Amino acid sequence: MWPWSTYPTTPLESVASPVTEKDGQAAYDYIIVGGGTAGCALASRLSEDPTISVLLLESGPVLNSWSSRVPLLSTDYRLKSSPAYKWATAPIQCLKERTLQMVSGKAMGGTSRINALLYTRSTPGEYNAWARDGRKGWSYDEVEPYFSKSEKSLSHGKSPHRGSNGMWQNQCTDEIYFDNISHTIEATTALGIPYITEANSPDDPVTACTLLDRTIDSDSKRHSTFDAFLPLHIAQQRQKHLTICTEVIVTSLEIKPGTSGLQATGVFLERDSQSYGPTDRYYVRAKREIILCAGAIGSPQLLMLSGIGPKDHLNEVGVPLVKHLPGVGMHLQDHYGASVIYRAPRDDTMHGLESSMFLGLREFIKYMLTGRGLFLLPNPQIAIFCRSALLDEDSRNIVQYPSQSDSRDPDNIPDIEILPIPYDASESKCDLQGEGAFSLLCVLLRPKSSGTVRLTSTDARVRPACDLGSLTVKEDYAVMRKVIRLALRIGRQMREQGYPLRDLNVPQSESDTDLDDFIHHAARTTYHYSSTCRMAPEDDEMPGVVDDELRVYGVRRLRVADASVFPSIPAAHLQAPAVMVAEKCADFLRAELMTR
């Protein structure tokens, strides 16, 4: 991207002192652990003030090749070049101890570098539910300005509820590339599900088939939070007070007793290398605060490695207890998914690119010359959001009262989503026999089930055990059956409209037993991990980890600002809510600074 410039990162030995010289002068006002989706946004906002020093620590590289910004190429985490962590879940009980693959980003920008680019905020009712449950300052009217602040909507910038001057660009492509998507829109309309062109309007009904905003900039490139908040010119302009150190591992936090109780004073870190020894450890001191932005897996892991977490678990793995905080690593949630898949005409799917060199070359040239075409559209272009309670036995959307469509009502949050995808969206790929595949990825948006993140080693390089807790609460099965039945109904409707679909990976029947078997067989994660450091009271039934200003209970000068703090997983793709949290955290820190 920058052929004549080098991105300004600082080597570890220049930002920290060896632990043998721990009383050295390496110190910063704020230390941000994790340069991912939220961390890049937070570092950018804090460093707007040239009088404070900020250190951003990231385990991955800068990695900003041309291909990393092409939407089609950058979303395929299976490529060796993809900047991604990949590891297996703990065995899942409902899947007969099968595991699923987990994925998260490992580069500046984190998962916003490899995700499906989807920008969805969830409905206003989502955040009004947080406020109803006692989260002061987190109602929709209070968080909406932070969504808008970060955003530059290229398609909806004139809307009063959308941002037009922010740093993070998104756009909505209204050109429908595949006939199967057009037929899906027609089919859902026939089932009483309205079609809308803006997914993030607070005034639209909660049940809708909608075009999706995607984080793509005006040059038709992926616009990760790294590209948006810490591009080259900002990193260069702020070098004197913003220090970025990549390819390092934070192994633990230093927590010391103070006059007002425990407080976080610094971090221990090492190079992200397989060859290391005791002399390779470094330390850097925080003069004001440490903020964890390591994600829903990394943030609880680091807290537990630092002795903050469930007492019994820390004793079990041999980590000295510093603060008993039972909520750390609890309530791990994900959007459980299962794909209903049909055979479809190959030339009406993305699979056409696999078999036709001419098509691939044509689309590549089109993208290079115009910024359009299939290289721009690897991901869902539309989504279907529904309240399952409003679907009748024939999977038709039945709204009896206007209040049932009020998106601001906390009781009206959509609990299911279907993503129509013109390729095989299963984890274990189907045998297409030269044909194409059309998938209806069925997603459980508001699971009642949850799992845990637990240490398996005191080595920060070892990924923790992640038990997703999938479908451990029976109510989740009832909702999953409804979304699968809706997908099958859409498939039938598309056939009735004349679109040639043939069954490929579908349930044997629509009985509860066959649907449950299918839900197990077709299971997949959607990589939306959240809620492991919940914003909730410490003594909550599901104990919280941070307060309403994201401060870790019982440890001063320590906050968490990423998807782990969500009280429960939002009915959205998580990057937009994560950045909103980072924006609010920056304001909390500014306010704290002004009172000192």
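Each Cβ is built from the backbone N, Cα and C atoms, and glycine gets one as well.
Now, the feature entries from TrEMBL:
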ACT_SITE  H528  active site, proton donor
ACT_SITE  H573  active site, proton acceptor
BINDING   T111, V250  FAD binding site
DOMAIN    295-309  domain 'Glucose-methanol-choline oxidoreductase N-terminal'
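In the three-state DSSP scheme, V250 (FAD binding site) is classed as strand. Mean per-residue pLDDT, taken over the domain 'Glucose-methanol-choline oxidoreductase N-terminal' (295-309), amounts to 99.
In this structure, the recorded positions T111, H528, H573 were compared by how many other Cβ atoms lie within 10 Å of their Cβ, and the smallest count belongs to H528. When other Cβ atoms within 10 Å of the Cβ of V250 (FAD binding site) are tallied across all protein chains shown, the result is 24. Within 10 Å of H573 (active site, proton acceptor), judged by CA to CA distance, lie the following recorded positions from the set T111, V250, H528: H528. Remark: secondary structure over the domain 'Glucose-methanol-choline oxidoreductase N-terminal' (295-309) totals 11 helix, 2 strand, 2 coil, with classes taken from DSSP. When the alpha carbons of T111 (FAD binding site) and the residue listed as 'active site, proton donor' are compared, the span between them is 10 angstrom.
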